[in-house]
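A.B. asks: Sharing a structure here in structure tokens format.
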Amino acid sequence: MVVMNKTNLLLLILSLFLAINLSSAQLRGDFYAGTCPNVEQIVRNAVQKKIQQTFTTIPATLRLYFHDCFVNGCDASVMIASTNTNKAEKDHEDNLSLAGDGFDTVIKAKEAVDAVPNCRNKVSCADILTMATRDVVNLAGGPQYAVELGRRDGLSSSASSVTGKLPKPTFDLNQLNALFAENGLSPNDMIALSGAHTLGFAHCTKVFNRLYNFNKTNNVDPTINKDYVTELKASCPQNIDPRVAINMDPNTPRQFDNVYYKNLQQGKGLFTSDQVLFTDSRSKPTVDLWANNGQLFNQAFISSMIKLGRVGVKTGSNGNIRRDCGAFN
């Protein structure tokens, strides 16, 4: 009987592995070649137009993608609006700080795609978000890369499903590695994807603990560069409006580059979960490598983004193509 149980367990693990890989295998770069051949250019044009209106488009879209993929996979479930009978993912406390410009980027790109008669209701919101994310990275000076397409939009979205699925600013390396592993991502993927913090901003309240109440021994986190502490305290005094935000990268906040890793070498990681990548000996060599070689970082980032885009993919009857990205059909 024990042998049977072990066998059944192995078969279950194997079936789950095959199911995940089967979904990923159905993704391909030319998925819309026969239905909406110009979809990537249509989306890129919409993204460019949105960026011209506000730079926030770039970090907001990138962050939206991560938050979508880490909760039940890359299925645009984070786009769904809550109703009287359902509190959706976007209204979980961990998602309330997602900037509206990220959502608006997808909505505007969807409108542009659907304005082309043969493309209308043929392209999923999940794929539009994937393409838009690639585009904001590239338009911020980051690498251009081919995306895999063919995702369907998710059929459910609940705030309760978000709990415990997203990394916290206070996470240590073990917690980060464990959370990424749940999504089939390696420690190297985690370090590469953390490099997205080269763009964007965070609310002051997210770093108060490092500046004013770190632990019983030190009010200030001793791993923070002293000059950076002075800078952060000037930008984030204790009585500041909690809505005030600061740049994740104090040096090149509007440029996708490897300066994030150089900042870590200097003790200028904004979150504990950033700085730990340098202070922990297991991840430090990778930080040093990418700080010294931006091309290697770009290559690693592309590889990890493609892997991220395969997480929890819905294909076929497991999803659909939403007419409105913010509501189920």
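Keep in mind that glycine also has a Cβ here, set from the backbone N, Cα and C atoms.
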A.B. asks: Where Swiss-Prot marks N-linked glycosylation site, which residue is it, choosing among Asn95, Asn215?
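C.D. replies: Record says Asn215.
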A.B. asks: Going by Swiss-Prot, which one of Cys125, Cys204, Cys236 is joined to Cys325 by a disulfide bond?
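C.D. replies: When Swiss-Prot is consulted, Cys325 turns out to be bridged to Cys125.
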A.B. asks: Please state which member of Thr198, Thr205, Thr217 Swiss-Prot lists alongside Asp249, Thr252, Asp257 for binding Ca(2+) 2.
C.D. replies: Thr198
A.B. asks: For Ca(2+) 1, what surrounds Asp68, Val71, Gly73, Asp75, Ser77 with a Cβ no more than 8 Å from their Cβ centroid?
C.D. replies: Cys69, Phe70, Asn72, Cys74, Ala76, Val78, Glu89, Ala126, Gly154, Ser157, Gly312
A.B. asks: About how far apart, in whole Å, are the alpha carbons (Cα) of Ser77 (Ca(2+) 1 binding site) and His67 (active site, proton acceptor)?
C.D. replies: 10
A.B. asks: Using C-alpha positions only, work out which of the binding-site residues Thr198, Asp249, Asp257 is nearest to Val71 (Ca(2+) 1 binding site).
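C.D. replies: With Cα distances computed to Val71 (Ca(2+) 1 binding site), the winner among Thr198, Asp249, Asp257 is Thr198.
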A.B. asks: Suppose the Ca(2+) 2 site is Thr198, Asp249, Thr252, Asp257. Which further residues of the same chain have a Cβ inside 8 angstroms of that site's Cβ centroid?
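C.D. replies: Nearby residues not in the site list: Leu199, Asn251, Pro253, Gln255, Phe256, Asn258, Val259, Tyr260, Asn263.
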A.B. asks: Going by Cα-Cα distance, which of the recorded positions (His67, Asp68, Gly73) sits nearest to Asp249 (Ca(2+) 2 binding site)?
C.D. replies: His67
A.B. asks: Would you mind ranking the binding-site residues Asp68, Asp75, Asp249, Asp257 by how many other Cβ atoms sit within 10 Å of each Cβ and giving me the lowest?
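C.D. replies: The binding-site residues Asp68, Asp75, Asp249, Asp257 were compared, and Asp257 has the fewest Cβ atoms within 10 Å.
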